[in-house]
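Here it is, the structure, as structure tokens.
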Amino acid sequence: MKAPIPHLILLYATFTQSLKVVTKRGSADGCTDWSVDIKKYQVLVGEPVRIKCALFYGYIRTNYSLAQSAGLSLMWYKSSGPGDFEEPIAFDGSRMSKEEDSIWFRPTLLQDSGLYACVIRNSTYCMKVSISLTVGENDTGLCYNSKMKYFEKAELSKSKEISCRDIEDFLLPTREPEILWYKECRTKAWRPSIVFKRDTLLIKEVKEDDIGNYTCELKYGGFVVRRTTELTVTAPLTDKPPKLLYPMESKLTVQETQLGGSANLTCRAFFGYSGDVSPLIYWMKGEKFIEDLDENRVWESDIRILKEHLGEQEVSISLIVDSVEEGDLGNYSCYVENGNGRRHASVLLHKRELMYTVELAGGLGAILLLLICSVTIYKCYKIEIMLFYRNHFGAEELDGDNKDYDAYLSYTKVDPDQWNQETGEEERFALEILPDMLEKHYGYKLFIPDRDLIPTGNIEDVARCVDQSKRLIIVMTPNYVVRRGWSIFELETRLRNMLVTGEIKVILIECSELRGIMNYQEVEALKHTIKLLTVIKWHGPKCNKLNSKFWKRLQYEMPFKRIEPITHEQALDVSEQGPFGELQTVSAISMAAATSTALATAHPDLRSTFHNTYHSQMRQKHYYRSYEYDVPPTGTLPLTSIGNQHTYCNIPMTLINGQRPQTKSNREPNPDEAHTNSAILPLLPRETSISSVIW
């Protein structure tokens, strides 16, 4: 049965006058297009959803039944986006179906995302609107999609109700829904102050740890519907104006600056929670805002949030004055305000007077600090600094140019087979490492008595050798102290005077802890006797390293001279002089005369016997190399055989002077005692002719 004509006219009039006033995108083909509706559908893949035609829910004051009675038909189209081609939807009646003014998806698929346009029209009238549908997947490891959440805020200590949103289409009027709640996708033992009512979760007293994501889960048929709401907890809404932290309201703050320099005035304030209202903080000079000043040199920085907690903020803003002039001086005020009031505080920008006293004190303080630093550096690195200066700018030591040696080395000689575990390192250092480093590495010329002194030389010869040296090095090993190796310097008057008057500089090397050793008190007395004395500690094998403090200190105390270090090839000549360098030679004529005299007095049978016996014994006892010389059968040594050689023998000085020893004619020569008679000893190498172990 058709409706009466007056009734249809009234329906059309009501329909056309009840249109929602919104911005229309335009009209095409006589159809009014309301573009995309503000309501957007967002659903997880696999969940059901109902899309309603928005024309019946806000654009016109009618429903689907009245429109259909008025002869209007409803059609659905789908497009990928605004302006794209729209194609009619073919409903299959199962997964996607048209039911009155809606489309049902049971369930949704990813390809269902897009714009769905509903159009109502007849032959004379047309209107359409598009509805957006987004189908997404859960985030990895979560039960929700972070882009499809609802957002709620709650104030601390107040109550908050969280609803399970947009589930009206899945509720039955005759049945209570069964809804499960999760926090961060996990079941939770809810505290008693949290209550569940139908489709809501009620928190009676909000706490800070209530912040998080709440997910409600509802079963609809064979499907699951989930909605997630993120709850943010804030401080209670403030009813007070902001609080100025700096400058303070109660007093005027003075900030000094120099003309021509830059000035920075910083204002800090605390803002309570005021909802979504941003903090308002700014500077003024007098009654003018900073941006209203004519000077471009004066400007405000951006507002910076220093701290934020539960919506409460501590913020700051700076006023910068570039190249301060007289006109920039004056009073500046910082204002802060919110809906509850306004506060301000002032800063007086003042010209700084030059304070010459302070500047002078600062300059003197800087000089004093520099002086202290320089003295400290010099104290710590004095030796390194002096060595650097000597090596690059120093001149050779002129005092003592007429002396032949850089140093006289005094030590106690102990055979290696007598070294023990406690003193072995000290003896090796004194006999091998010390002379080898000084001569071969640093290039010094040493007088080593064991090497350079005529074996039977007397104490006057030692004094002359010390006098020809620029330094006296005494190596204080435990054996040296026990044997009182310094006695020679006390017995000879000339040597003692040299030490007391400071004619020679003494370097005393202590190789170990000497306290408690016999004769140690005499060592201390000796130190007080020597006028020019330097004591250097040798602390064991770690001091043997070339870059150690020990070698730097010793090089500093030695005379400075520009000498190329002696190489191993330079230290040895054709006569194989030994490990410590050039040897002193004895006059060839005197040695020949002495040898002839000595051998002439010896029994012929003892010559070869003693020669072999003495050499074999001394080779076993001494650690230096030994050298053999063949004695001519005539008992005299040709002059050419000892020329250009360093030949040594254990011959008394009386024989070198041409004297002949007195012997008893009635005494038979004893071969076993032949080695004790120095008058008949043959020519021996210098290693086996040492008559003393202390030099």
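For all residues, glycine too, the Cβ spot is worked out from N, Cα and C.
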Consult Swiss-Prot and report which candidate among Cys118, Cys126, Cys143 shares a disulfide bond with Cys31.
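That would be Cys126, the partner Swiss-Prot lists for Cys31.
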Mind giving me a neighbour count for Asn63 (N-linked glycosylation site)? Other Cβ atoms within 10 Å of its Cβ, every protein chain shown.
13
On the three-state reduction of DSSP, what should I expect for Glu490 (active site)?
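SS state of Glu490 (active site) = helix.
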Helix, strand or coil at Asn213 (N-linked glycosylation site), per DSSP?
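In the DSSP reduction, Asn213 (N-linked glycosylation site) maps to strand.
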Rank the disulfide-bonded residues Cys185, Cys216 by the number of other Cβ atoms within 10 Å of each Cβ, and give the residue at the low end.
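Minimum Cβ neighbour count within 10 Å, taken over the disulfide-bonded residues Cys185, Cys216, occurs at Cys185.
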Taking just the CA atoms, what is the gap between Cys334 (disulfide bond) and Cys53 (disulfide bond) in Å?
55
Pick out which of the glycosylation sites Asn122, Asn138, Asn264 has the most other Cβ atoms within 10 Å of its own Cβ.
Asn138
Measure from the CA atom of Cys118 (disulfide bond) to the CA atom of Cys126 (disulfide bond) and give the result in Å, rounded to a whole number.
11
